[in-house]
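S.K.: The following block contains the structure, expressed as structure tokens.
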Amino acid sequence: MKNVLSIQSHVVYGFAGNKSATFPMQLLGVDVWALNTVQFSNHTQYGKWTGMVIPQEQIREIVTGLDNIEKLQECDALLSGYLGSAEQVDQILFALEQIKLRNPNALYLCDPVMPHPKKSCVVANGVCEALIEKAIPVADIMTPNLHELRQLTEFPINTFDDVLKAVNALIAKGVKKVLVKHLGSAGKINDPDTFEIIMATPEGVWHLSRPLYQFNFEPVGVGDLIAGTFLANLLNGKSDVEAFEAMNNEVAGVMKTTFELGSYELQTIAARFEILNPSSNYKAEKVA
């Protein structure tokens, strides 16, 4: 069994961060060592929540504890998502350094969660800058959305060609795989009823489209689900393109179930059989 140390947010109610990623990854046969960066009552897009940011030193202590019982050599990947403070970025890098010492082949997937002007996603000051400065040089995989891609590259991105230039800039900096979630108006198809996503590697760029469900309130945690299931499929031995397609079909099933149930929260439990055996078969097209 493959193991992932997943360092991201936790919500008591609902599905975001580790709550969104853990169960689907475990369904796919990958164990998740969940280490929380924050513990909130619910995700921040409700507009009100309670809870706390986990002190940065706790991350280091827990990683050290795992090393003390000689478990870091069993860690196949590090996954980072929503961070509660800029200082936590340094603790992520400490975790990566320790894991790589014990398992040099371990992967690092950085989901660079950043504030969005059209969403109530609250991110602490300095996190964006710390991710740009410190995470890009060491990440094997990054999974930004379109807005986060703009912030990571500082490129103006309005067209599909702009997206390609931006992802190639990240690849040039050493990131081996870049997934850009929900291209929106910068998509290749640019249809409001179509969800578009790309994967870029040094070998090329692949594009995939599937239906975009028109929720009254867009569920949170979809990016966490995408990052987690993509990583799980890679660890299970699938090729980049196979993992990209499998993830998209698994996530498509979760989104379809969530929409049909009229839920604001992702319905990963109700959609568990869609994760295990997706009913869709969307295929990626190489575009560059």
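Positions of Cβ are set from backbone N, Cα and C atoms, glycine also.
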S.K.: Name the residue, out of Glu74, Glu148, Glu154, Glu218, that Swiss-Prot lists for the same ATP site as Asp111, Lys181, please.
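M.R.: Of the residues offered, the record points to Glu148.
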S.K.: Given that Swiss-Prot lists Thr44, Gln45, Asp224 as binding substrate, which residue among Ser9, Ser185, Ser263 does it place in the same site?
M.R.: Ser9
S.K.: Quick check on the binding-site residues: of Asp111, Glu148, Asp224, whose CB has the lowest count of neighbouring CB atoms inside 10 Å?
M.R.: Glu148
S.K.: Looking at the binding-site residues listed here (Ser9, Thr44, Gln45, Asp224), whose Cα lies nearest to that of Lys181 (ATP binding site)?
M.R.: Asp224
S.K.: When you measure from the Cβ of Lys181 (ATP binding site), how many other Cβ atoms are you left with inside 10 Å?
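M.R.: Result for Lys181 (ATP binding site): 21 other Cβ atoms within 10 Å.
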S.K.: Can you list, in sequence order, the residues of the same chain other than Asp111, Glu148, Lys181 whose CB lies within 8 Å of the CB centroid of the ATP site?
M.R.: Pro112, Val113, Met142, Thr143, Pro144, Asn145, Leu149, Leu179, Val180, Gly223, Ile226, Ala227
